[in-house]
Amino acid sequence: MFKLGLIVLCVMVACGPTWSARTVDSHLGQKDLTRLQKVFVDGFGSSDLQSIFFSSLNIQLTDATQKEPLCKKIASLHAESKLNSFEKDYYYIGASRNLGCTAKIDEGLLSKVYGSLTTELGSSQEIFYRVVTHKVLGVEINEAAQAKLVKRLQELLKKDDTLSGLGYAFNVAPLLGAGASFIANRVEDAIVQADEVDGKLLQFEGGLSITSLIINGAFGVSKTFNKPLPVTADQAVKFANYFLSRRSVQTAKGAHVLIEALKTISGADKIAPVCVQLIGNGQLEAKSPTLNVAVVDLLGKPLTPSPKAVSAKVILKKDSSVLAEKIAVASKSSDKTTYVADLTSLKPGRGIYQAELNADGVYTQTLQFKVLGRVKVQSLEVGIAESDASAATRKQSVTYPGKLQEVLSADSTQKLLLKAALVEESNGKPLAVHQAFVRLLNKKTDKEIIFVAEQDSSKSYKFDMDVGNNGKNFNYQSGTYSIYLTVGDASLSNSFEWLVAEVQLKFNEEKEVKPKTTSGPLPEIVHQFRVPDKRPPRIVSDIFTGLCITPLVLLFVFWGKLGINVSNLTLAPSTIGFHLGFGGILVLFFVFWLQLNMFQTLRLLIPIAVFTFLAGNRLLRRLYAQRNSKPSAS
């Protein structure tokens, strides 16, 4: 008997299941089923024979005006399809039967299908499609043909024991009679090849199609041949988590195999996981702490049979203190999927709790939930004081949720004060909250500035603002500001924002603040070169040029006075080449001075310098040889 149970609680924000057995935290809900239904509807409009087949398998068309065009369409798609012949034959014949097409299937096609079992089929996939095609046609396969197929299946699995091959073998074996029971020995070989992801999911390489193919086939084998279930309860949970993670599938085939796989796992009474899902956000009011939990199967249906006895142990998470050892969790009479636990008698205070659930002594799960408290403003004082404490502070009390009638006024020599005492409504104890802000809003410009209120030694929240020192934060915009107190906390059910008073602030310096450009193109950046330095007067450059030429002029003058000794000058190629090269370098420097730049000059100087170096080297060697030959001759 399928016993089941699990109920109660859940939570978000810091709430959620922390430990569980044979449970998952989601299921295929109504929104998911509606979306998958749309996938099937869209499948009828596609030009894919496979999509139309799986859509027709899940949606029954009653409108004859829709059926006939589809029947003609699948006939043409079958002729054009590039799928394997055994696969497209199955989709075409199956879709024709599902749609109730009036046109008869071609006799040649039927003869091919009937005769296929007498041939040697090439794979377990082909055996599967040929056998299920016979089933769709309502044709029984005789025992001799079954025995032949079983033998062929054994031969194929010896050569091809891939996951795909085993998956199709698992699905076809129940249709081939007792002789195919050998396949049960291969189930474990396939299951151990499942990949585990993060310790939460189990899947086979190949994705949703292969995983569904193997799971559906393995469960079918165990049921047909009366064998143990192919997976354990823990594995069933992990496979269910994987299938539920693929609920966003977009193809008709994917949607069909997803639903079939979840049905298969849900139908395994001894190991089927159930979904325990919180109704609401897991935050309970302290005045009426009632937990509501949905307990359903993987497809969102009520459990059958319902759990007989469900109880919960409630623990305060902060210090692990036990509020109750056993609290009854009852099924809601009007809704068999909802279970309720009334915690009013426990009078839980604000905080996070855990509930350890036990259903029929078989199913256990630990969930955590939050009980919200309520904040109360015990007192609030607002006033103006002198910054140098030269005068007494003028404070006025305001009662929540009222507003101070008088408009306060403060200038740059004064400061604005606010002090609020927050307590818990249930016991009057001082309360520390996550958020306590004072917001000042300029009524004219609609600009605001927010300050944090700090808790002092008396557990009251204080706000102290020196008007003069904070002028920059307000852009020195004097005017009337509304004072808001904002109190918020994740563990409070009545967080609030309260308009306390209005104050006229006067700053020393008023500036017109230009709005900052937050979007749009930036100004164009135009590059500017450095402005050249001012050149000296023309006469300075002329004098400098004359001084540079003076040594050359003096050289020619002295040559004219003293004479030039050119007796050793010969007309040898090295002599002529050296002097031409040296003269060329001088000419190049002169041209550089007039118009060339450094890079142009270097490109011309390199070849001239190399030529001059080689010619000069030969000239010096010749002169040295002449000098050494003179003493020998004498």
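Placed from the backbone N, Cα and C atoms, the Cβ positions cover glycine too.
Feature annotation from TrEMBL assigns signal peptide to 1-20.
The annotation domain 'Ribophorin II N-terminal' is assigned in TrEMBL to 28-266. Note on the domain 'Ribophorin II N-terminal' (28-266): mean pLDDT across this stretch is 92.
What TrEMBL lists as domain 'Ribophorin II second' is 274-371.
According to TrEMBL, the feature domain 'Ribophorin II third' maps to 379-505.
Taken from TrEMBL, the feature domain 'Ribophorin II C-terminal' applies to 529-627.
Annotation source TrEMBL lists transmembrane segment at 543-564 (among others). Counting only same-chain residues 6+ beyond the ends of the transmembrane segment (543-564), none has a CB under 8 A from a CB of the stretch.
Tertiary neighbourhood of the transmembrane segment (576-596): same-chain residues 604-605, 608-609, 611-612, 614-616, 618-619, selected by CB-CB distance under 8 Å and a gap of 6+ residues from either end. The transmembrane segment annotation in TrEMBL covers 576-596 (among others).
Positions annotated as transmembrane segment by TrEMBL: 602-620 (among others). Same-chain residues lying 6 or more positions outside the transmembrane segment (602-620) and placing a CB less than 8 Å from one of its CB atoms are 572-575, 577-578, 581-582, 584-585, 588, 596.
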Structural state census, the domain 'Ribophorin II C-terminal' (529-627) (DSSP three-state): 77 helix, 0 strand, 22 coil
Structural state census, the domain 'Ribophorin II second' (274-371) (DSSP three-state): 3 helix, 59 strand, 36 coil
